[in-house]
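As structure tokens, the structure follows; a few thoughts come after it.
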Amino acid sequence: MEISSAGPVGAQPLLMVPRRPGYGTMGKPIKLLANCFQVEIPKIDVYLYEVDIKPDKCPRRVNREVVDSMVQHFKVTIFGDRRPVYDGKRSLYTANPLPVATTGVDLDVTLPGEGGKDRPFKVSIKFVSRVSWHLLHEVLTGRTLPEPLEPDKPISTNPVHAVDVVLRHLPSMKYTPVGRSFFSAPEGYDHPLGGGREVWFGFHQSVRPAMWKMMLNIDVSATAFYKAQPVIQFMCEVLDIHNIDEQPRPLTDSHRVKFTKEIKGLKVEVTHCGTMRRKYRVCNVTRRPASHQTFPLQLENGQTVERTVAQYFREKYNLQLKYPHLPCLQVGQEQKHTYLPLEVCNIVAGQRCIKKLTDNQTSTMIKATARSAPDRQEEISRLVRSANYDADPFVQEFQFKVRDEMAHVTGRVLPAPMLQYGGRNRTVATPSHGVWDMRGKQFHTGVEIKMWAIACFATQRQCREEILKGFTDQLRKISKDAGMPIQGQPCFCKYAQGADSVGPMFRHLKNTYSGLQLIIVILPGKTPVYAEVKRAGDTLLGMATQCVQVKNVIKTSPQTLSNLCLKINVKLGGINNILVPHQRPSVFQQPVIFLGADVTHPPAGDGKKPSIAAVVGSMDAHPSRYCATVRVQRPRQEIIQDLASMVRELLIQFYKSTRFKPTRIIFYRDGVSEGQFRQVLYYELLAIREACISLEKDYQPGITYIVVQKRHHTRLFCADRTERVGRSGNIPAGTTVDTDITHPYEFDFYLCSHAGIQGTSRPSHYHVLWDDNCFTADELQLLTYQLCHTYVRCTRSVSIPAPAYYAHLVAFRARYHLVDKEHDSAEGSHVSGQSNGRDPQALAKAVQIHQDTLRTMYFA
């Protein structure tokens, strides 16, 4: 794939994505199955038409109905036996040309509307171009490179898009599409999530070019939908009201606000007009009940009078409201004052929930959807058999054949790196199945903790003093064994309550105890105190804090205490372990910096909050210590706006820490989807170069830019059941695939670096978009796998390289720094970080880390 910016063609050099340098050979071969199904495509040209539908603001579902009706209606004159496929927007493909003039043709189509009224549409169809699947074969076999992709060239002319539309046409008519997945209403199963939401199961389907062939990627998927039910019931679920008839009083303000937040933006249909089930979108909930909410009603004589909603429904529909004390829904446009009593409305079926799930809903969702690998494999196979693609008339029209067995792939299990610990006996740990153990080992570099404090935000009743004493004794014992001795008793140990007491207490500690190294904070479950502790510690005062849930203080376990020590040692400047130096790839022979970058976006439907960009960089040769930079930027912007200055900061810090200038920069970029590769690479690669040149005009280290993706639907299964690992029967940690299901000629690979605990492991996908350092496949795959073993929070290999993981933690922590005490009700379950009326400067300042914290791994 070529990269070009959106400027005029030729104004900027085209960035050519590197070709695959060869295949990896390291590791023990393993036979795998992938949830990819081969699609045989004929070597023909297909015909692309542009479809223009007026009115043009219709949802795709309506557009599809219009086009479907048009094909039926104009069968004799235009379409004959042809079965066109349509993408729901502007593109229509046919296997044979249509008899329409080059200028196009305008057609009138009507759909039956609600309540017997017809809905008229005007449709124009115009020939655009032929799309060649000959060429696709040439590209897939690597015989020809595709022509450089011009950024302004429409996706519809892309032959892969045409294949996708053919395979999507029928399911789009039968099911509810969401992104690349299809869902249908639950039949015979019921998975309520609470709060008016439920789980719908469906499947993901996407077409991807692979080596020598096109593959159809099929996976089972699940998402949250709103339950189709009366609005009164929806309200009861949201507000935890068990019996509406026992609520004779109007809603409290807090109840009304909560209900409004949940129902705003949803579609409802009315039930008081017989078969006329008119639909409306909710824009608000009234403050007043139906018995008091008035609106101006125009009488037949032209006079306007004020009527309450309850009166109006009694007079007009002879309907005595059962719940006149409840508020009304305001629907349609705010300024139009259309009010509906709750009791005449139902939630429209098939609305996907895009709002963030609560913690309870998320855990219910995971329980309902987690499948062991063998179960998922079986489910996907069943799905493909029942989809019966070869019987799909549109698939037949374009002469496709879809195989119904999974692709056989040979992967390799890479060897795990050994990890060097410290202490007198300098033990080495060898991971087995992605896990190792710290028992009998001491940190590579342990910190001695001489001055420390405890602040307990749980009540004295929850956590008595002797419980605290027991906890600190246990912690000191474990920490001594780990080579991080905590000396003596804490210099300060007090109970406190509420987020407001955090600042004053921390200030007192900072001023009273010079040389204080750590504050251990005990929290009573989910609480706004956490955000305030991190805001005060990380940004205002520069003090190291370690939070512990009170349940883990009351009931200590060696595992929990040991995990606490892993975090504390690193926050105070220690090193837990390092990769054994002699087995590291050759890239370590010269100074190299590893960068990890991520952008986290606010939850859907939250227009006000900024996106947060984080970049971390390694600060030593192991690499074990990292330094962080973080910025706020425009909501939903994927490109890291301020990357040049962030990388510059990290390069300066690297030089201060090591006295070397890196000769290589390895950049792991998380969270970019395929559609954004081009513009993100173009902007960010130049930003990294700019950072280097701003330090010295001839400083040009080699840059390798790798995108890490976890959000994809490729799953790998062991073909041989004896190779399955663990209770959930997954592929072993270290499984790598770079053939068959990967890109025809670009440098990408799948690596499952972690041991699956629950459900089916998802391998991470790595795509090299730039490589000045000329890595071989083996070198880069091994380097990536080794970096997955350097994550300090646990003694297991994680699913993405440590620098990418740390960037994610830094961005996530910044959300807490943005929680504004004055404006936010920082409800435990939702880190809000609202930018309520705060200007960009204030937001930027809120995420700025204190000078004393900047050099530490405060995010661990």
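A Cβ is built for glycine as well, from the same backbone N, Cα and C atoms used for every other residue.
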**Study point:** Of the residue ranges 38-85, 374-421, 614-661, 758-805, the one that Swiss-Prot records as region 'Interaction with guide RNA'
**Key:** 758-805
Practice item. Looking at the candidate ranges 188-225, 492-529, 530-567, 568-605, report the one that Swiss-Prot labels region 'Interaction with guide RNA'. Key: 530-567
Revision key, fill the gap. For divalent metal cation, residues beyond Asp598, Glu638, Asp670, His808 with C-beta within 8 angstroms of the site's Cβ centre include exactly Ala597, Val599, Thr600, Ala614, Arg669, Gly671, Val672, Ala804, Ala807, Ala811
Review point. So how many of the residues in the region 'Interaction with guide RNA' (530-567) end up helix, strand or coil by DSSP?
Key: 27 helix, 5 strand, 6 coil
Study note, to complete from the structure: Counted with DSSP (H/G/I as helix, E/B as strand, rest coil), the region 'Interaction with guide RNA' (758-805) has 15 helix, 9 strand, 24 coil
Review point. Around Asp598 (divalent metal cation binding site), how many other C-beta atoms are within 10 angstroms of its C-beta?
Key: 27
Exercise for review: Look up Glu638 (divalent metal cation binding site) in the DSSP assignment and report helix, strand or coil.
Suggested key: coil
Review point. Which site among Glu638, Asp670 has the most other CB atoms no more than 10 Å from its CB, taking these as binding-site residues?
Key: Asp670
Check your understanding: Which whole number is the mean pLDDT over the domain 'PAZ' (230-349)?
Key -> 94
Review point. Does DSSP put Asp598 (divalent metal cation binding site) in a helix, in a strand, or in coil?
Key: strand
Revision key, fill the gap. All chains considered, the count of other Cβ atoms within 10 Å of the Cβ of His808 (divalent metal cation binding site) is 21
Point to revise | Residue counts (helix, strand, coil, in that order) that DSSP gives for the domain 'PAZ' (230-349) | key: 38 helix, 38 strand, 44 coil
